[in-house]
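Colleague: After the structure tokens below, expect a handful of questions from me.
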Amino acid sequence: MTILNHTLGFPRVGLRRELKKAQESYWAGNSTREELLTVGRELRARHWDQQKQAGIDLLPVGDFAWYDHVLTTSLLLGNVPPRHQNKDGSVDIDTLFRIGRGRAPTGEPAAAAEMTKWFNTNYHYMVPEFVKGQQFKLTWTQLLEEVDEALALGHNVKPVLLGPVTYLWLGKVKGEQFDRLSLLNDILPVYQQVLAELAKRGIEWVQIDEPALVLELPQAWLDAYKPAYDALQGQVKLLLTTYFEGVTPNLDTITALPVQGLHVDLVHGKDDVAELHKRLPSDWLLSAGLINGRNVWRADLTEKYAQIKDIVGKRDLWVASSCSLLHSPIDLSVETRLDAEVKSWFAFALQKCHELALLRDALNSGDTAALAEWSAPIQARRHSTRVHNPAVEKRLAAITAQDSQRANVYEVRAEAQRARFKLPAWPTTTIGSFPQTTEIRTLRLDFKKGNLDANNYRTGIAEHIRQAIVEQERLGLDVLVHGEAERNDMVEYFGEHLDGFVFTQNGWVQSYGSRCVKPPIVIGDISRPAPITVEWAKYAQSLTDKPVKGMLTGPVTILCWSFPREDVSRETIAKQIALALRDEVADLEAAGIGIIQIDEPALREGLPLRRSDWDAYLQWGVEAFRINAAVAKDDTQIHTHMCYCEFNDIMDSIAALDADVITIETSRSDMELLESFEEFDYPNEIGPGVYDIHSPNVPSVEWIEALLKKAAKRIPAERLWVNPDCGLKTRGWPETRAALANMVQAAQNLRRG
């Protein structure tokens, strides 16, 4: 029984973000569709070759996506919302981009599909839309074309397909309500057709992703798996693939399915290998997800070997990444600025492929010398002084309940804040960032590269901040922001100013579409050596009589959007960050900043996948926010911002944050989210986002007014704020000015009644 290895997927964007650049060039009309398609082909060929050279036996094909793999699946099934359909019924790459972005080089602009987080990761997918009586047919053959490409290059191909039950689970019903699971029998014929096409091509194994099987699914959904897979069996071998959690709670459902193998995430799940081996049918292959696809740490391969060695020779076995390597940067070897000791602790996607090759070889031969050698740096890290800071650990241990309580309740604070700020009804503001123009990015890059001295850099940033204040005053906004010209990324910026983080040059991972992020890496205990945001906030406030918000990224979001340490709990990391930022709140307040926004867009996405684990997470997540904010005086108004959230199931925790104002992303869901605030009788102030900043389309005054009137039916108008959904960093100034002018006009119209 020779053990093979494979990955569940590989990063798509390219080492130098070639895909991002090609997409954006095409969208801007600066390159042709053929040029874009060529970049995709080149990247796929390179990535297959790189995995093969690193020692991967079975290459994933179908993991590449032009925007998002769930959206690719929607097109495969012919699920195109009517507003995005071509008049002749055809589907092309612009159809896909219109669903994702609201517009493309061809076709009519229309509202983009809703976007939300892929399980509990930082990747986003476009939510499939379902309507009653919908028809499906094989429409977009990207998967088959890419399989042909890989076969022509002589690769050992393992196609990757998002499974039918998970696909339906991830979608939403539009219009007349019905049970979307009832569409299962309508989509299965398309899956059968795809599997038949793959069988024709001589494909042996297909990786069919059903990550919904790690969730606490309703019984009807669990029951749907058997008939679904009964319909799909027989054409090729199916590797039922799960990730992000364990499968033990749903193992009875899984073992009844007519598949030939199961992939389990042995990093994030608590499944016991011996127990899995005992309960799985003896002729099934087990794919052991031993290498973490979601982090950047070098694996202790001696531990991984010990975890799996007892079942070697007892059943067919593959070793694999825990999930797709999409969530990891591509190649550590191009990082030239990382300190050698710290660098030795990491492994990016290509190094993880190498780890899988080492593990496969050791399991096949029994020789573990190479594993011990590879694991030595990560074992040595446990005793490094760069990891442990006794002062931070002591401060954390001394936290009391008092440290997470504001001095007075919201009603008392609100009165003090009204007296201080004297804001009109329907106060207008933005979420924080303004367009990051080429000038701003060039300024930061020149400074970073040493081509610009500190004085000239600061003069340049000050000028961009001044322009942002002038723009906002001209537009008539009530509460201003400094625009964040000095910040490359809302998490990276804070990480750069906190001890305990390190940064990469090319550690990019895809967030959605062409958006990539370069997450900081938490390597040790976290502290704040000096104030971070005070100087620029104070400068911005000196330019205007209107209040300027201080802007902080909250502790849970910094944690969720960084690569965390694996040797301490997430709670410990979050509270260390909270203590560091608590000092920042105190310093902003002392500098005369009266409104401080602590963004927590990631609070909900950090939720464990199983509801039974939610309470513990929410308890420490809320406590971290409160530790951060509680130092503020009564007349300092604390705002928080959250995006892509469904709130109804965590409303208690949202209220427990005790922020004076919460701004939320609601425009894509047509104010649906406010339902939860209404039902809960949310006591504090709310700014429901009135337009979608992820789309370049400019909302009309009437559209915004209608949304605000809708909001006022649910929340008393005196507690409503008016703001966009999210920061405006990725937008251009022309559409930003136009959209904000319409937003301010809508608020003024409502004030006049």
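Using the three backbone atoms N, Cα and C, a Cβ is placed for every residue, glycine included.
What Swiss-Prot records for this protein is below:
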type	residues	note
BINDING	Arg17, Glu18, Leu19, Lys20, Lys117, Arg515, Cys516, Trp561, Glu605	5-methyltetrahydropteroyltri-L-glutamate binding site
BINDING	Ile431, Gly432, Ser433, Glu484, Asp599	L-methionine binding site
BINDING	Ile431, Gly432, Ser433, Glu484, Asp599	L-homocysteine binding site
BINDING	His641, Cys643, Glu665, Cys726	Zn(2+) binding site
ACT_SITE	His694	active site, proton donor
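I'd like these features described in context: how deep, what's nearby, how far apart.
Modeller: The 10 Å shell around the Cβ of Leu19 (5-methyltetrahydropteroyltri-L-glutamate binding site) contains 24 further Cβ atoms across the protein chains shown.
Under the DSSP three-state reduction, Asp599 (L-methionine binding site) is assigned to strand. With a cut-off of 8 Å between CB atoms and residues at least 6 apart in sequence, the same chain places Ile431, Gly432, Met490, Met551, Leu552, Thr553, Gly554, Thr557, Thr640, His641, Met642 near Asp599 (L-methionine binding site), listed in sequence order.
Ile431 (L-methionine binding site) falls within neither a helix nor a strand when secondary structure is assigned with DSSP, and so counts as coil. Over all protein chains present, the Cβ of Ile431 (L-methionine binding site) has 25 other Cβ atoms lying within 10 Å.
Its Cβ placed at the centre, His641 (Zn(2+) binding site) has 27 other Cβ atoms within 10 Å.
In the shown protein chains, 24 other C-beta atoms lie within 10 A of the C-beta of His694 (active site, proton donor).
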Colleague: List, in sequence order, the residues of the same chain other than Ile431, Gly432, Ser433, Glu484, Asp599 whose Cβ lies within 8 Å of the centroid of the Cβ atoms of the recorded L-homocysteine site.
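Modeller: For the L-homocysteine site the neighbour list reads Thr430, Val481, Met490, Met551, Gln597, His641, Gly727, Lys729.
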Colleague: Test of understanding: give the count of other CB atoms lying within 10 angstroms of the CB of Gly432 (L-methionine binding site).
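Modeller: Looking across every protein chain shown, the total is 26.
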Colleague: Cα of Leu19 (5-methyltetrahydropteroyltri-L-glutamate binding site) to Cα of His694 (active site, proton donor): how many Å, rounded?
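Modeller: If we compare the Cα positions of Leu19 (5-methyltetrahydropteroyltri-L-glutamate binding site) and His694 (active site, proton donor), the gap is 19 Å.
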Colleague: If you count the C-beta atoms lying within 10 Å of each candidate's C-beta, which of the binding-site residues Arg17, Lys117 ends up with the smallest number?
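Modeller: Across Arg17, Lys117, these binding-site residues, the one with fewest Cβ atoms within 10 Å is Arg17.
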Colleague: I'd like to confirm something. Which of the recorded positions, Cys643, Glu665, His694, Cys726, has a Cα closest to the Cα of Ser433 (L-methionine binding site)?
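Modeller: It is Cys726, whose Cα lies nearest.
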Colleague: Going by Cα-Cα distance, which of the recorded positions (Glu484, Glu665, His694, Cys726) sits nearest to Cys516 (5-methyltetrahydropteroyltri-L-glutamate binding site)?
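Modeller: Sorting the recorded positions by distance from Cys516 (5-methyltetrahydropteroyltri-L-glutamate binding site), the top entry is His694.
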Colleague: For Leu19 (5-methyltetrahydropteroyltri-L-glutamate binding site), what is the secondary structure by DSSP, using just helix, strand and coil?
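Modeller: Its secondary structure by DSSP: helix.
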Colleague: Looking only at Ile431, Gly432, Ser433, Glu484, Asp599, which the record lists for L-homocysteine, tell me the maximum pairwise CA distance in angstrom.
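Modeller: The span, Cα to Cα at its widest, is 14 Å.
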Colleague: Select the most exposed residue of Cys516, Cys643, Cys726, where exposure means the fewest other Cβ atoms within 10 Å, treating these as the binding-site residues.
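Modeller: Selected from the binding-site residues Cys516, Cys643, Cys726 on minimum Cβ neighbours within 10 Å: Cys516.
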Colleague: Any idea what the Cα distance is from Cys726 (Zn(2+) binding site) over to Glu484 (L-methionine binding site), rounded to a whole Å?
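Modeller: Rounded to a whole number, the Cα-Cα distance is 13 Å.
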